[in-house]
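Undergrad: Quick one: the structure is below, and I'll ask about it shortly.
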Amino acid sequence: MGQGDESERIVINVGGTRHQTYRSTLRTLPGTRLAWLAEPDAHSHFDYDPRADEFFFDRHPGVFAHILNYYRTGKLHCPADVCGPLYEEELAFWGIDETDVEPCCWMTYRQHRDAEEALDSFGGAPLDNSADDADADGPGDSGDGEDELEMTKRLALSDSPDGRPGGFWRRWQPRIWALFEDPYSSRYARYVAFASLFFILVSITTFCLETHERFNPIVNKTEIENVRNGTQVRYYREAETEAFLTYIEGVCVVWFTFEFLMRVVFCPNKVEFIKNSLNIIDFVAILPFYLEVGLSGLSSKAAKDVLGFLRVVRFVRILRIFKLTRHFVGLRVLGHTLRASTNEFLLLIIFLALGVLIFATMIYYAERIGAQPNDPSASEHTHFKNIPIGFWWAVVTMTTLGYGDMYPQTWSGMLVGALCALAGVLTIAMPVPVIVNNFGMYYSLAMAKQKLPKKKKKHIPRPPQLGSPNYCKSVVNSPHHSTQSDTCPLAQEEILEINRADSKLNGEVAKAALANEDCPHIDQALTPDEGLPFTRSGTRERYGPCFLLSTGEYACPPGGGMRKDLCKESPVIAKYMPTEAVRVT
């Protein structure tokens, strides 16, 4: 093999796995990270090992094999054994557009997003698993709430000048809201949820018993009416509900009113609260009771008409059953499934509508065959006197109910009926599996989210003081040549300050080889001590400053890898301090 071919070869070490290809292969996708490796000055901008003559990237080696194959074949496939977010992150790192994924793998690639959207749709904490709060001290005592409160104190975000939480409202509003809205937030929230569930069941039971004749005795009533010449006594009989059922319903309404008012007052977003359908149901179910109580003492005709109307609309109380969705995951899953399967339901309705129209018309004309000459409407030997009546028969037949109130009586009508039944079975069976799959997906995701182990409280470190060497940077106290480091986000203003100081000291502005705002590059001249090779381990040397900070962590030489001059100019680093690894994200 000629020397030119050898110079065209390039070795890329990704996560310990060495990959070999040609520079011309990497140039097939200009503007990507691998295409920049083919540039002549790539050695100074990337993690290059001159001894092994290879570039090193601390990324996923399995995904990189598919990405490199994309440069070779021009087709990007998605591995089935890699989680979607990981593959998406790798594509973003290597600078490849996700729309380049082949159609055969697009659904596999999209699965993680569908799962994330499904998990986000559950959103609230009722599906968040949390351990039994046996040691909970009060409502809303959750780990996340304490972490947020601690973070507020640490970051001095409190309204009070002395660092205390900003008043009663700020302290108790989220706790009381979680107490009535999130049954899984604390032990006391569970008690409130059990009480609400009890009153819901009692209210629905009372509503059903009020319609039973045992609890609606017939009573004789007398009414005096004014007539022209005097008064007239009218006697009539009326069914009257037992008083104890009304009292029970009143107690339930008092609880629902208290619960509704507490949720309204302590709701963090009043507009979203009003738009919530469950909250509208709560209000509509409560209002008729108070109107009925307020108008019961009036004897005017208008008041009686309103009372009669309110007694009719008592059925809205049954809508309280939907409040159970706050307490049962399965009901919430069903609701999400119905919303996610809207297109399938519309498709099912369209199929049924077409079938109903076709078979209702066919059965009408099929039953008219053989009609007697003296019976032009064929009403004597068939039930299908017109096409609209056939709509009912077609719906009942296609859904395989078959009430038997209408049926064909001629051989041609029986043939149409058989075809209608078969078409109904096939039509309904097509969209149903999609709906069932949606339910299974939502239910499995809900169960997985509910069974997630409770996250431990995060350690919130004390913020370093101004002037401290650790101010807005991370110094890893690990042994020399360690490859592990913690990260600390660096403010953009501080990066600009470093660039300005570097420009003043070296007489030129630091240039970035990659236009990547998420990975800032500081290209600066180094002192002789700082010019020592960066090392990852005892056997690997790296020359040049850290450029791709996300490809790995770097260990600086014992002489110090951080400019002392910058410490004087920038508030980020107040004094010179030997560091083993500094990582900027």
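Yeah, the Cβs are placed from backbone N, Cα and C, and that goes for glycine too.
Pulled these features from Swiss-Prot for this protein:
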type	residues	note
TOPO_DOM	1-190	topological domain 'Cytoplasmic'
MOD_RES	S44	phosphoserine
REGION	121-147	region 'Disordered'
MOD_RES	S130	phosphoserine
MOD_RES	S142	phosphoserine
MOD_RES	S158	phosphoserine
MOD_RES	S160	phosphoserine
TRANSMEM	191-209	transmembrane segment
TRANSMEM	248-267	transmembrane segment
TOPO_DOM	268-276	topological domain 'Cytoplasmic'
TRANSMEM	277-295	transmembrane segment
TRANSMEM	309-331	transmembrane segment
TOPO_DOM	332-344	topological domain 'Cytoplasmic'
TRANSMEM	345-366	transmembrane segment
BINDING	T400, L401, G402, Y403	K(+) binding site
TRANSMEM	415-436	transmembrane segment
TOPO_DOM	437-585	topological domain 'Cytoplasmic'
MOD_RES	S474	phosphoserine
MOD_RES	T483	phosphothreonine
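Can you tell me where each of these features sits in this structure?
TA: The 10 Å shell around the Cβ of S44 (phosphoserine) contains 14 further Cβ atoms across the protein chains shown.
Beyond the ends of the transmembrane segment (248-267), by six or more residues, the same chain brings 173, 176-177, 180-181, 192, 195-196, 199, 202-203, 206-207, 273, 279, 282-283, 285-286, 289-290, 293, 320 to within a C-beta distance below 8 angstroms of the stretch.
The average per-residue pLDDT of the prediction over the topological domain 'Cytoplasmic' (268-276) is 88, rounded to a whole number.
Residues 126-127, 181, 183, 193, 196-197, 200, 203-204, 207, 210, 256, 278, 281-282, 284-285, 288, 291-292, 295, 443, 446-447, 450 of the same chain lie 6+ residues outside the transmembrane segment (309-331) yet bring a C-beta within less than 8 angstroms of a C-beta in it.
Counting every protein chain shown, 13 other Cβ atoms lie within 10 Å of the Cβ of G402 (K(+) binding site).
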Undergrad: Residues other than T400, L401, G402, Y403 within 8 Å, Cβ to Cβ centroid, of the K(+) site?
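TA: Sorted by sequence, the hits are V396, T397, T399, G404.
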Undergrad: Against which stretches of its own chain does the transmembrane segment (415-436) lie, if we need a Cβ under 8 Å and a gap of at least six residues from its ends?
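TA: That would be 337, 341, 344-345, 347-348, 351-352, 355, 359, 362-363, 366, 394, 397-400, 407-408.
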Undergrad: Run through the topological domain 'Cytoplasmic' (268-276) and tell me, per DSSP, how many residues are helix, strand and coil.
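TA: DSSP composition of the topological domain 'Cytoplasmic' (268-276): 6 helix, 0 strand, 3 coil.
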Undergrad: Taking the Cβ of T400 (K(+) binding site) as reference, which residues of that chain separated by at least 6 in sequence fall under 8 Å from it?
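TA: Result: A421, G424, V425.
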Undergrad: Taking only the Cα atoms, work out how far L401 (K(+) binding site) lies from S44 (phosphoserine), in Å, as a whole number.
TA: 77
Undergrad: Counting only residues 6 or more past its boundaries, what in the same chain has a CB within less than 8 Å of a CB in the topological domain 'Cytoplasmic' (268-276)?
TA: 173-174, 177
